[in-house]
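The structure's right below; bear with me while I get my questions together.
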Amino acid sequence: MTIAIGKTQEKRGLFDVVDDWLRRDRFVFVGWSGLLLFPTAYLALGGWFTGTTFVTSWYTHGLATSYLEGCNFLTAAVSTPANSMGHSLLFLWGPEAQGDFTRWCQLGGLWTFVALHGSFALIGFMLRQFEIARSVKIRPYNAIAFSAPISVFVSVFLIYPLGQSGWFFAPSFGVAAIFRFILFFQGFHNWTLNPFHMMGVAGVLGAALLCAIHGATVENTLFEDGDGANTFRAFNPTQAEETYSMVTANRFWSQIFGVAFSNKRWLHFFMLFVPVTGLWMSAIGVVGLALNLRAYDFVSQEIRAAEDPEFETFYTKNILLNEGIRAWMAAQDQPHEKLVFPEEVLPRGNAL
């Protein structure tokens, strides 16, 4: 009789089986992060398409905001709940809608649905980048970079209205609706004169400049890209080896500016640092606005302009413009308040 001696196969638990299935190499990687990403992204996008197609904002804003009512892609939106709803999460089964889907849509329940599921979807996408980076053994800088737009989304759509009286003051999900919100930010918070906004603009525009310069420099310093006279005809996307000269690029920018990046790591870290830091600063600024912190105030100029009708600066002109925005938006944007302003409080002066 023959006796085989060997290790018995260990019994695999449910976690190991699920882990193998989730992290299997397939066309679309799922992963553990996919359990959060895919359902929430699907529901957020589905809620947005449903709202912009069918749901009116007549009951919350007195507006038409759906394709069904004649709006187009630029003017359709999923609008914020009514101001009377405060910070209620507006669950379909909650005391406001009481399980009535039509009533839930009328109250603005789709906005909280899209905002919360969208936030978790963005977080799931960042976790997906962490998970895949760990699987292929690279650094997680993509995920860290993606935290910047997440911080902006969360600060604008969630933290800002939490600091105000209700979800009503958050942006609605639509193109024209976002533009209205920008006007609101300027009129009520003087956002363009906020140093955190300035850092955000510098980050975004600086990143665009760096991206354009970097792409042009790489194209300019190609030394091996095929036999054709035209770069685009000669470029071979399957070519494995590097085809541009960092030394030549360094020499070029040293002649242009007198300084240049000495290595690729510092160059690309700088391209990462500029936009990400700018967006983080913008998010911090919006958190400040949630607490109604003010931007720069040049009170001495305002006092002098009030005393001397001939004295005016671009700052005092902008202050008058902000007063005009507030006077218009308070009545137009919050009709439920039934605000009526006497002529004495409306802005006047040669700025308008």
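Glycine is treated like the rest: Cβ placed from N, Cα and C.
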Select from 73-89, 90-106, 124-140, 328-344 the stretch of residues annotated by Swiss-Prot as transmembrane segment.
124-140
According to Swiss-Prot, which of these ranges is transmembrane segment: 176-192, 278-294?
278-294
When you measure from the Cβ of ASN142 (pheophytin a binding site), how many other Cβ atoms are you left with inside 10 Å?
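For ASN142 (pheophytin a binding site), the count of other Cβ atoms within 10 Å is 15.
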Looking only at residues six or more beyond either end of the transmembrane segment (278-294), which have a C-beta under 8 A from one in the stretch?
148-149, 151-152, 154-156, 159-164, 185, 189-191, 194-197, 199-204, 206-207
Any idea what the Cα distance is from HIS117 (chlorophyll a ChlzD2 binding site) over to GLN129 (pheophytin a binding site), rounded to a whole Å?
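With the alpha carbons as reference points, the distance is 19 Å.
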Applying a 10 Å Cβ distance cut-off over all chains shown, what neighbour count does HIS214 (Fe cation binding site) have?
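Step by step: centre on the Cβ of HIS214 (Fe cation binding site), count other Cβ atoms within 10 Å, giving 16.
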Work through the binding-site residues one by one (HIS117, HIS197, HIS268) and point out the residue whose CB has the fewest other CB atoms within 10 angstroms.
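Counting other Cβ atoms within 10 Å of each of the binding-site residues HIS117, HIS197, HIS268 gives the minimum at HIS268.
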